[in-house]
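This report concerns only the one structure given below.
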Amino acid sequence: SLSAGLDLPGRFLFAILTLMTLIANLVFIEEAVYIYRKIPSSKRSIIIWINAAAPVIATTSCVGMWIPRSTMFTDFTAAVFFSIVIHKFLMMMITECGGQKLLLKRFENGHFKISTGPCCCCCLCLPRVRITRRTLFWLKLGTFQFAFLRPVLVFLSIVLWTNGNYTLYNLSPKGAAIWISCFVGVLTIIALWPVAIMFQQVRTLLISKKIIPKFALYQFILILNHLQAAIINILAMQRVIPCVPPLSSSARGAYMTHQLLIMEMFLITLISRVVYRRRYDDLEPPECTAEEAGDKQQAP
């Protein structure tokens, strides 16, 4: 633990960040109670899972800040949780459209635009894919594989670490970390692609349900938890972040990442409460929409 070697400003900073983590968790608990009471059971667990992403990452970062030796385990826990949240976000968009059957009915003649990020944003020549049960199955499989394989890879990493074959900051070709990290990177890109495809399709339909700010929050958590952490780790390994005893460069990099994540996840938790804390009616079925359009044409 670092608490014994901290000066007064350091202790004050640790106390403030710990308080922010505590407040974030209390806000989430209050939000979960509200969702449980007000939201239909079909959407309840999905929305609670998505709202839990920021408080869970803040909590794991707080533990990693106080106990630097636990960094690998706290980072793995946050990564596994967020891999499940990616799948839950895709399912939330399908659920908000009324479920798979109503989604297929609304877009029975529609096509998915697959030339979108992070895989194919530059491949504008790719054909559009018809919206069918099969394409929906492949989209769901794309996110589910990450929610399933990420915990398996984490377990493998811990087994290799206990055997001395896995070092988090050893990125040499002979080490296991570089290969596992590359494989996880490929799986992450494959998982993010279906979410982007589905968002492009439903964002106009779900604009009344604040899908754009919800998607923005999900993207912020993804960027801050993965890209920001990766950049700081690279700077630490290149000794751009200097070592200050008793902390090495890599330990200081993890230390900075955890402090930044606590502040960022605290803000995202508060914003999520505003965005998700809203009661709204379900979308009208496709038949009703068609009948209303016919009535309006006959009225003149």
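Cβ atoms here come from the backbone N, Cα and C positions, even for glycine.
Note that the coordinates shown come from a computational prediction; the quantities given were computed from them, not determined experimentally.
Quick look at what TrEMBL annotates:
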TRANSMEM  12-34  transmembrane segment
TRANSMEM  46-67  transmembrane segment
TRANSMEM  73-95  transmembrane segment
TRANSMEM  137-161  transmembrane segment
TRANSMEM  176-195  transmembrane segment
TRANSMEM  215-236  transmembrane segment
TRANSMEM  256-276  transmembrane segment
Two-stretch contact, the transmembrane segment (176-195) and the transmembrane segment (73-95), at least three Cβ pairs under 8 Å:
yes
Among 12-34, 46-67, 73-95, 137-161, point out the range having the most Cβ pairs under 8 angstroms from the transmembrane segment (215-236).
73-95
Is it the case that the transmembrane segment (46-67) and the transmembrane segment (137-161) touch, counting contact as three or more CB pairs under 8 Å in which the residues of each pair are 6 or more positions apart?
no
Which bits of the chain, at least 6 residues beyond where the transmembrane segment (73-95) starts or stops, bring a Cβ under 8 A of a Cβ in it?
42-43, 46-47, 49-50, 52-53, 56-57, 60-61, 63-64, 103, 136, 139-140, 143-144, 146-147, 150-151, 154, 157-158, 191-192, 194-195, 198-199, 202, 206, 211, 214-215, 218, 221-222, 225, 229, 254, 258
Chain residues in Cβ proximity to the transmembrane segment (137-161) (below 8 Å; excluding those fewer than six residues from its ends, i.e. six or more beyond):
72-73, 76, 79-80, 83-84, 86-87, 90-91, 94, 112, 167, 176-177, 180, 183-184, 187-188, 190-191, 193-195, 197-198
